[in-house]
Amino acid sequence: MATTADRTLLKSHAWQAASFAGDCLYSLKTFAAAMLALYLSFAFGLSKPAWAMGSVYLVSQPLAGATGSKAIFRMLGTLLGATAAVVLVPNLVDAPLILSAALAAWTGICLYLSLLDRTPRSYVFLLAGYTAAIIGFPSVGDPASIFMVAVARVEEIGLAIVCATVIGLIVLPRDTGPQVAERLRTWMMAADRLAVDSLAADTKGVEIARMRRRLAADAADLQGVMLFLNYDPSAHSGIARRLKAVHDRMILMLPTLSAIRDRFQFLRGEGTLPAGFEALAAKLVAWIGQGVDAPPALAREIRDDIARLEPADPTADGWQSATLTNLCQRLSYFMDLREDCIDLWLAIREGRRTLARPPRYDTRAVESVPLHADHGLAARIAIAVTVSISAVCAVWIVGGWTWGANAAIQVAVYGSVVSAIDNPWPRLRTFIFATLIALVILFVYQFGILPKIDGFAALVVALAPLMLPLGVMMSSPTWGTYGFVVLVSVVLLLGLQNNYPVTDLPSFLNANIASLFGMLFVAAVVRTVRTLDPAQAARRLTRAGLRDLMAVAAGHTREGRDPFTRRMIDRVGLIVPRLTGEPRQDDAAEKVFADLMAAGGLEDLAALRARLPPEAGPKIDRLFSMAEAHFRARLADRPPPSGTDSLSVLDDILACLTAHAATTPKAVLREAVAALVGFRRAALRSRAPAPALTAIPASTPLAASETH
């Protein structure tokens, strides 16, 4: 009888076999599309059929949605880049240095825009930048042909896009939708485990924090894949819209579970958690354990329990009743998010076009929230690439270097391609090694194999043993970069034409030495000015969050709790992979979650301020001023001010709300009290709730005796 280990091993082997089969299919499809593009290029008499063949590999992706989006954006980027070259070259042809500087500046501007856009659209700007360099630099010495060269490149790339898209979407397509759905299902199961552990009394905080960080990183990674759903064939069934709705709720669930755990642990530690809440936690664990098939009746029963346990007057017993009110609010919010996820997932699984009931939570507020963008870093990278291109162009033009255009093109291309990587040196080193391998293979084909080829069929047979295995390698996480660079380099540098071009050895060596010089120059620049330590990158992300927090406290932005949460969780997802395995990861990521609670309280208080008693207004303003000073000090790497005064102000606000509880709408009072608790627990780290405010004068400085 097979043991559990045997079954696990068999499943692993089966998964690896299926994955390898998928990689082989992808390689066959891409090779077929490349050969089709090459054949049609020969038939139509295009000037450089090799560009059409190589562009197929640049466009093709294993998932249909990724291929569709990349094809569209590559075409747009090519058109923009070609247009820029056609405009710049004829008008600046009499000043080669100025023309080179203009092409370098265009590349830098496009690169800057691409770094600010973390959607597939960024490919448009990236390609527009270095396409102008690819078309423009070789035409510096022959400007009369610039228009024909630009048209030829657009035709070749357009043909490649058509071939890659048609074969990719028609021949056994791998839809993005099902792939994303499976990853979301896995994420939801992990989130359920996090929820169960968050409700438990004996789970270690370190384990909870580790799970939360991993889920945040996975959510950020999923964000990139989700963007391809708009171009996926499965999107017509409505799966794309529902998957995005699940993803939006997933992100908001993380800080919600963080708050729930904090409140439970705090009240348990103080021995003030009512017995009914332990029973409620057990019921929640049972409901979560039944997954998406949990009976709706159990969810309704849990909601009734939450309503029954919530204090009728959130200010009746000072911070004790206020904390319980906040806990009940967060539990209700968690129920809303998870029930929506269940309904959406069941609709996806069963193929229904309608949900069983209207969603409880409206995610429209977070759908249009811009993701994190680092303008300063983007400008620094763009300037470095622009200066690098200009420097190589100066050496080329002033020194009269015949093959200098090749070096300038490589600087533009590789400088742009590695721009989004914190430390591009390891990737560039791989590119250089792979290019050296490609040059050896290219030499064999150029001088040993191609001169003996006569006819298209023989050419296909000669290329297949090289391109098919490299196509499989492209799908490998370990060898993908080598496979891609070797394959594309060989294909593009072969320079296949209708009439076999006679290439002498000196020209072959000079052209490729110039290309290697360009790559090595980029590597030197990267090692000097571009390397960004992962910890430095994480620090920039953390500081961006602090600036947003300071803006919230200063009243410069009022976008609401959930949109702010969406962007901050996005930053957590970017921080975690950068600090994997480093002790600093814990503090950096967990501080963001704590800051989220504080910012949520500030956002809620700001939204409620106009409906609260007028007497509370000045106190709330003072709290916001103190919060701004706190975040400003952290941003400046100074010790933040003592929280004593802030605690006193929080006590004063709660006392004011207590005094006017009879004249304040209950819903408004409930939200305001919950917001105060969220801010107090997250930002000030109170150790114990204050005694009942009804027994203490509002001016008593309770904070003086608290540790935080």
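From the backbone N, Cα and C atoms, a Cβ is placed for every residue, glycine too.
Whatever TrEMBL says is automated annotation, not expert-curated.
For 36-59 (among others), the entry in TrEMBL reads transmembrane segment.
Positions annotated as transmembrane segment by TrEMBL: 71-89 (among others).
Summarising the annotation, TrEMBL assigns transmembrane segment to 95-116 (among others).
Residues annotated as transmembrane segment in TrEMBL: 123-140 (among others).
Summarising the annotation, TrEMBL assigns transmembrane segment to 146-172 (among others).
Residues or ranges marked as transmembrane segment in TrEMBL: 377-397 (among others). Only residues 6 or more beyond the boundaries of the transmembrane segment (377-397), in the same chain, are considered here, and those with a CB under 8 A from a CB of the stretch are 96-97, 100-101, 103-105, 107-109, 111-112, 115-116, 133, 137, 140, 404-405, 407-408, 411-412, 415-416, 419, 518, 521-522, 525, 529-530, 532, 540.
Beyond the ends of the transmembrane segment (428-449), by six or more residues, the same chain brings 414, 418, 462, 466, 481-482, 485-486, 489-490, 493-494, 503, 505, 508, 512, 515-516, 519-520, 522-523, 526 to within a C-beta distance below 8 angstroms of the stretch. Sequence annotations record features per position, and here TrEMBL assigns transmembrane segment to 428-449 (among others).
Remote same-chain residues near the transmembrane segment (455-472) are listed as 20, 23-24, 26-28, 30-31, 34-35, 38-39, 42, 57, 441, 445, 449, 483, 486-487, 490-491, 496 (criterion: CB distance under 8 Å, separation of at least six residues from the stretch ends). Residues or ranges marked as transmembrane segment by TrEMBL: 455-472 (among others).
Look at TrEMBL and you will find 479-496 (among others) tagged as transmembrane segment.
The feature transmembrane segment is assigned by TrEMBL to 508-529 (among others).
Within the chain, the transmembrane segment (146-172) has long-range Cβ neighbours (under 8 A, six or more residues past its boundaries) at 25, 29-30, 32-34, 36-37, 40-41, 44, 46-49, 51-56, 58-61, 64, 67-68, 71, 74-75, 78-79, 82-83, 85-86, 89-90, 131, 134-136, 138-139, 233. Between the transmembrane segment (123-140) and the stretches 36-59, 71-89, 95-116, 479-496, Cβ pairs under 8 Å are most numerous for 71-89.
Below 8 angstroms of C-beta separation, residues 80-81, 84-85, 88-89, 122-126, 128-130, 132-133, 136-137, 140, 373-375, 377-379, 381-383, 385-387, 389-390, 393-394, 396-398, 408, 412, 415-416, 419-420 of the same chain, each at least six residues beyond the ends of the transmembrane segment (95-116), sit close to that stretch.
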